[in-house]
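Engineer: Mind looking over this structure? Questions follow.
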């Protein structure tokens, strides 16, 4: 993060893309004229059709009005396209930045692979932000045991992954995306022997982490089968705090991660169905 900044300078500047704006507005005007003629045609001939044809003609007219309205709503975000020039060097000092909360929602390993959810969790934990002001929440509506177990495994792997990212300035903070690339351009020290040794060590830890999560997922399919459903399971909240102090006594990591698993009791769901 930047160490100093001027509060009078903006963090970004907004620019309008005039060429794209002219093209989009011209297309919207021409399309609106065509839709107006179509609506006039439908409305004029609606009352001049024989009685048996009025109902299908009215249904067709209604559908066209609905689609035209949806198209009209979609013009808002392309009416004035913009792009922004950002100035990250103008960010205030870390002690002046606000605290942020990152919410990650999942519903179950059958719909969202657990390892993918954990990569999202690790990416959020490794954000380039003051660790003491970053709080990550993982909400599992399905209440699966594998999510809780995988979160604990992610927490263990984060003790390797987060210091590695901060030490070498890794920009791709998702482990799966980082290690799946054939070439890495994230770090200035990518050619150093120390970096390559650390990278191979972290990669081995990540492979072991994925294998533990995969094995736990296979075991949970049989262990939890028929025990709970997505709407009938006990609620669970687990908070974990990671604090890492370097040799100089500086606080390198101070991160809070919370896992919440909410569920409604089965008798309440049955009562709602009545």
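Cβ coordinates are placed from backbone N, Cα and C, and glycine is handled just like the others.
Note that the coordinates shown come from a computational prediction; the quantities given were computed from them, not determined experimentally.
These came from TrEMBL, pasted as-is:
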type	residues	note
TRANSMEM	28-47	transmembrane segment
TRANSMEM	53-74	transmembrane segment
BINDING	111, 112, 141	UDP-alpha-D-glucose binding site
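I'm curious about the neighbourhood of these features; can you describe it?
Structural biologist: Distant neighbours of the transmembrane segment (28-47): 54, 57-58, 60-61, 64-65, 68, 71-72, 75, 79; these residues of the same chain sit at least 6 beyond its ends, with a Cβ under 8 Å from one of its Cβ atoms.
Using a 10 Å radius centred on the Cβ of residue 141 (UDP-alpha-D-glucose binding site) and all shown protein chains, the other Cβ atoms total 17.
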Engineer: Residues sitting near the transmembrane segment (53-74): Cβ under 8 Å, six or more positions beyond its termini, same chain?
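Structural biologist: For the transmembrane segment (53-74), the far contacts come to 31-32, 35, 38-39, 42-43, 45-46.
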Engineer: Using all protein chains shown, find which of the binding-site residues 111, 112 scores highest when you count other CB atoms within 10 A of its CB.
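Structural biologist: The residue with the most neighbouring Cβ atoms within 10 Å is 112.
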